[in-house]
Amino acid sequence: MREIVSIQCGQAGMNQVSTAFWSTITDEHGLDADGHLRPDASSLESDRLDVFFNEASNKKYVPRAVAVDLEPATLDAIRSGPLGHIYRPDNLISGESGAGNNWAKGFYTEGAELMDSVMDIIRREAEQSESLQGFQLAHSLGGGTGSGLGTLLLTKIREEYPDRMLSTYSVLPSPKVSDTVTEPYNAVLSFHQLIDNADATYCLDNEALYDICEKTLKINRPSHQDLNSLIALVMSGVTTGLRYPGQLNGDLRKLAVNLVPFPRLHFFTTGFAPLFAKNSRAFHNLTVPELTQQLFNPANVMAACNPYHGRYLTISTIFRGQVAMKEVEDAIHTARTKYSPYFVEWIPNNVQTSVCNVPPKGLTTSATFIANSTAVQELFERTANQFSVMFKRKGFLHWYTGEGMEPVEFSEAQSDLEDLILEYQQYQNAGVDEDEELMDHEEYADEGVEDFN
């Protein structure tokens with residue numbers, strides 16, 4: 001089997017997002033809360049269980065997951081939660097003091113002290129795999145543990161497993177939903193590591209997730225559970241081709257090869273359809289063209305950037321349910337033609353489609369959208385600007401230098417992110433003649449969502 005080891009780091013990555021992900025895929029693969037196959041589980045559901053689960057004694061399936069946090073409360077919440085019995089107990093590793101929203105504590109001091117024990121567990125999971133394809137990390141870039149310890153783990157895994165794929169689901173901080181003043185520092189220092197050590201980074205942020213919950217799902221006061229359920233939908237959709245047999249479905253490497261034209265440009269935005277309010281039945285059975293229309297709607301992007309402010313380098317779509325490949329290809333071709341000014345001209349065949357006949361629970365059809373768009377630079381620019389304001393006046397810098405960091409590390413991380421922004425701008429403008437076509441389609445960028453309703 002082509003196994004994937006999942007690493008859950010920090011409160012956002014571990015207790016919340018990953019719990020929602022495991023809840024989703026245990027249900028999709030016919031497992032109960034204790035990891036046993038339900039009597040009604042189909043062979044299709046159980047056929048590729050080994051990718052994300054390891055069969056233990058008594059026919060119990062245990063997630064290939066390592067959960068790490070620098071304070072014990074998060075792990076205690078996992079143990080006492082609805083999936084507490086499914087994890088391997090010694091794969092839950094915690095410190096005692098927390099990271100205090102400080103990247104340096106996660107990367108250099110508190111996190112570094114846990115590194116040997118965490119890597120021992122990761123090695124054991126890798127050794128128990130017949131043909132390990134790679135790792136996926138779920139973490140937040142705003143706090144101290146997910147950002148600092150999470151990216152430290154990436155560097156260690158990259159050193160030890162240089163030929164394995166590393167994917168991350170990274171929750172970016174956003175000014176409208178801010179937990180701590182040091183988030184811009186933590187995020188920029190994390191990007192510096194993600195640029196060098198990740199093969200694919202799925203960018204998500206709470207601002208976009210809140211907007212989807214409020215405007216599309218009609219939830220008045222979205223909870224963290226609501227946001228995490230959205231991320232779990234995306235993680236489930238992205239990993240569909242890894243977990244089920246299907247048409248044109250590949251592995252982590254094939255997905256990255258199709259989406260990443262240049263190694264540093266591996267930051268993706270995602271979307272999911274259908275999204276609808278709980279009391280609405282209108283979208284439960286969308287056609288393939290309707291699903292495709294939702295995928296290209298900027299209101300469905302789970303990161304706070306507008307794809308029509310940039311250009312698509314590459315796209316991958318994953319449709320689920322009893323849909324014909326020809327119908328999917330026709331719908332995508334129509335959308336590709338309609339929005340052609342928003343695709344770069346110099347990458348041929350830059351839209352990949354795949355179909356899995358197993359729909360998500362509770363739906364007859366669904367679709368997941370992965371885009372490598374130059375518009376992702378909006379996320380980077382926002383964070384870089386906030387970083388610059390703080391760094392110029394050396395705000396809170398002593399919290400980091402007190403953990404052994406040097407100011408030059410901040411400057412290097414800042415320069416690396418600014419270089420990345422310039423690279424996205426360069427490839428956005430390559431081959432564009434005075435942006436004439438874009439000017440003719442300006443209404444998509446200006447009006448945004450209205451064109452899709």
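Cβ coordinates are placed from backbone N, Cα and C, and glycine is handled just like the others.
Not measured: the values here are computed from a predicted model.
In the three-state DSSP scheme, Thr145 (GTP binding site) falls into the helix class. Sequence annotations record features per position, and here Swiss-Prot assigns GTP binding site to Gln11, Glu71, Ser140, Gly144, Thr145, Gly146, Asn206, Asn228 based on similarity to another entry.
All chains included, 18 other C-beta atoms sit within 10 angstroms of the C-beta of Glu71 (GTP binding site). Mapped onto three states, the DSSP output places Glu71 (GTP binding site) in coil. Annotation source Swiss-Prot lists Mg(2+) binding site at Glu71.
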Largest tally of Cβ atoms lying within 10 Å of a Cβ, found at which of the binding-site residues Ser140, Thr145, Asn206, Asn228: Thr145
For GTP, whose listed binding residues are Gln11, Glu71, Ser140, Gly144, Thr145, Gly146, Asn206, Asn228, the greatest C-alpha pairwise distance in Å: 23
Among Gln11, Gly144, Gly146, the one of these binding-site residues whose Cβ has the fewest neighbouring Cβ atoms within 10 Å: Gln11
